[in-house]
Amino acid sequence: MARSTVLTPEDEATPAVRHARWQDYFQLMKPRVMSLVVFTALTGLLAARTPIHPLLGAVAVLCIAIGAGASGALNMWYDADIDAKMRRTRGRPVPMGLVKGEEAATLGVVLSLLSVMLMGMAINWLAAGLLAFTIVFYAVVYTMWLKRWTAQNIVIGGLAGALPPAIGWAAATGHAPLNAWLMVLIIFLWTPPHFWALSLYISTDYAKAGVPMLPVVKGAKETRKQILLYSLALIPVCLAPAFTGLGGWLYLAVSGLGGLVFLTLAVRVFRSLAGEASDPRPADRDLYEVGEAAAKRGKPVGDAKHARNLFAFSILYLFALFAALLAEAVLGLPILNLHVLELPL
């Protein structure tokens, strides 16, 4: 797919009314995504339950935050053409003309080098290597290749967003055992139903931008099926830390109850097309517009309602899982000793 950094006629017709501010450069770093990355990395660092000097711990988290910001800046530089075509992203600094593409790219490269080198010299090179791999995988493999060429883009590309707990654990201990990778697996399996729920009700947005998200390529019915399948795989994996010497009773309760809600919402999404004779593609049915109109009335309906509910709860569920692990580590709560599957710490 050819790539162009030229703004749309609509954007070009509206000149920038101000120079870039520091907030615009900060937005390049995707602060909301960065906050989730930092949170899961911090959980990994503390869940290792290995003493680490507070200053070194802070430096490690800072490096991970900078690395996440670097990935975001590189993504916004390369995806400026796509972002300009989508309602959800056209207000970003580069397509708006507030920050030049080359400035975003330069910021991303500089922050990437800074975060990896600082992590290696101040913490350890295993954590630095994992951080470097994460940045390259997200900025190059996902952004420049997978996102534009395959409907499995967020499945494979989700590895980049799943790695921060392992980076945090490696920063604290100098190694990354199976329990660290179990946290990675949780995020990896959580990513597809999370993003596919979003893509269900903005599928036309993706279609107009030429992004081959699953609903665009395979349709809504197949997407709902995949959401349910990944949800069925996710729930037992989320329960696993309680049986591997990683989580305690608090985590078991949160993962169990939250998992039931998550699975219930996924089933509702799956059943929302039951009995339909056809599987309308985005060109025939704009779920984004349907959902927006319904939301304004205060009564989201049908596809938009169920997809929105799952998308919103998926964020809460992931946060609750890692918050439970974090709370148990900080408070020194005992882990369960069920001896079902003992993984090395």
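Note: Cβ is positioned from N, Cα and C throughout, glycine not excepted.
What Swiss-Prot records for this protein:
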- 33-53: transmembrane segment (TRANSMEM)
- 54-74: transmembrane segment (TRANSMEM)
- 105-125: transmembrane segment (TRANSMEM)
- 126-146: transmembrane segment (TRANSMEM)
- 154-174: transmembrane segment (TRANSMEM)
- 182-202: transmembrane segment (TRANSMEM)
- 226-246: transmembrane segment (TRANSMEM)
- 247-267: transmembrane segment (TRANSMEM)
- 315-335: transmembrane segment (TRANSMEM)
Residue numbers, six or more beyond the limits of the transmembrane segment (247-267), whose CB comes under 8 Å of its CB atoms: 193, 227-228, 231-232, 234-235, 238-239, 241, 306, 309-310, 313-314, 316-317, 320-321, 323-325, 327-328, 333-336
Non-local residues, at least 6 beyond the ends, that sit with Cβ under 8 Å of the transmembrane segment (33-53): 60-61, 64-65, 68-69, 72, 161, 164-169, 171-173, 179-180, 183, 187, 246, 318-319, 322-323, 325-326, 328-330, 345
Other parts of the chain folded back onto the transmembrane segment (315-335), taken as Cβ under 8 Å at six or more residues beyond its ends: 36, 39-40, 42-43, 46-47, 49, 165, 183, 186-187, 190, 194, 238, 241, 245-251, 253-255, 258-259, 261-262
Remote residues contacting the transmembrane segment (54-74) - C-beta distance under 8 A, at least 6 residues beyond either end: 28-31, 33-34, 37-38, 41-42, 45, 104-105, 107-112, 114-116, 118-119, 122-123, 127-128, 131, 134-135, 138-139, 143, 160, 164, 167-168, 171-172
